[in-house]
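Report on the following structure.
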Amino acid sequence: MNKQSWLLNLSLLKTHPAFRAVFLARFISIVSLGLLGVAVPVQIQMMTHSTWQVGLSVTLTGGAMFVGLMVGGVLADRYERKKVILLARGTCGIGFIGLCLNALLPEPSLLAIYLLGLWDGFFASLGVTALLAATPALVGRENLMQAGAITMLTVRLGSVNSPMIGGLLLAIGGVAWNYGLAAAGTFITLLPLLSLPALPPPPQPREHPLKSLLAGFRFLLASPLVGGIALLGGLLTMASAVRVLYPALADNWQMSAAQIGFLYAAIPLGAAIGALTSGKLAHSARPGLLMLLSTLGSFLAIGLFGLMPMWILGVVCLALFGWLSAVSSLLQYTMLQTQTPEVMLGRINGLWTAQNVTGDAIGAALLGGLGAMMTPVASASASGFGLLIIGVLLLLVLVELRHFRQTPPQVTASDS
């Protein structure tokens, strides 16, 4: 009998050309967005010398992304998904060209940066939702865990490398280089995506877009399984907002500027390890219980993080959080795709991604408020242990999720 390895199996990239094309496009896109993510705040800070203006740009882009995810979910369930993906990517690239041209002006327009941020945030999220809804058709539902782990690893590696490349470009050529290369990278992603097969949505009756979106909300609220998964995802994202306390905690631990970087790298590193060692997750007979327990463990890690007497122990707690949150996120992704009807995939993926964006913003705001009333150590611990209490209550309440069982897929020689 063949045994499934703990290590992530990358064979999906060899056996599924469509997924390989998506993988390549996603990696290039992550690097391009990383260049953009460095350039926009730096340019606004240089123009205004105001952190408030920088924060406003992030808020506006986040709001546009939220709306785009809602609209994209409806479009992905009504129109051919490949066309939605290509349209969204191409339109994003036009916005990046606009940012590049604006940066080349003798006096760049701040209003143009804000408006193009709204443009790019909206259209980028359209493509994300359509791609998520199309993934089961590209790889098969039995391979969703493997596809999700490969995607997570790609995102983590790209997120680590692209800001460093962006910073180097800023030092060499200025923000216009970042915007120009981000635009070029975005248009390059269209080449592999053009090779995708047609991805028609499932047949369904025509209805008003708002009514269609409300149907997605109703399904989410009426399904204790899918609704519970989405709720856990939101809470997990709130916990990750602990990063807003890193500078204050670094002062408490008397860390040097170089050492602070370890705090920011710990969660991505832990998540990458979680993705690399996810080989057996798809074969769990009780994924719902495993999801709940890994989420509780991640909350406990955040609660203990601020209490550590040495910063290196805090880094270990953050890495543990990254690993456990990766396990929970992979299970969330897989169960959401497999337990959602095909006709609802676009809307439910849009709502799930949107609550992740919202959870991060809410978590950052709550931690900022706690930080104004409590010490950084107390704020971090209160957030972690508070979420742990909520998680324990959900463990008791989400009975269907806790008892959910699946038949593990058959292990073949190619999987081991």
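Note: Cβ is positioned from N, Cα and C throughout, glycine not excepted.
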### Query
Is Trp52 annotated in Swiss-Prot on the same side of the membrane as Gln339?
no
### Query
Can you name the far-off residues of the same chain, 6+ from the ends of the transmembrane segment (379-399), with a Cβ under 8 Å from a Cβ of it?
224, 228, 231-232, 235, 238-239, 242, 245, 249, 288, 292-293, 295-296, 299-307, 363, 366-367, 370-371
### Query
Under 8 Å, at least three CB pairs between the transmembrane segment (288-307) and the transmembrane segment (110-130) (pairs 6 or more apart)?
no
### Query
Under a criterion of three or more Cβ pairs within a distance under 8 Å and sequence separation of at least 6, are the transmembrane segment (84-104) and the transmembrane segment (157-177) in contact?
yes
### Task
Compute the average pLDDT of the predicted model within the topological domain 'Cytoplasmic' (200-218).
82
### When counting Cβ pairs under 8 Å to the transmembrane segment (56-76), the leader among 110-130, 179-199, 219-239
110-130
### Task
Look over the recorded stretches 179-199, 257-277, 314-336 and say which has the most C-beta pairs under 8 A to the transmembrane segment (219-239).
314-336
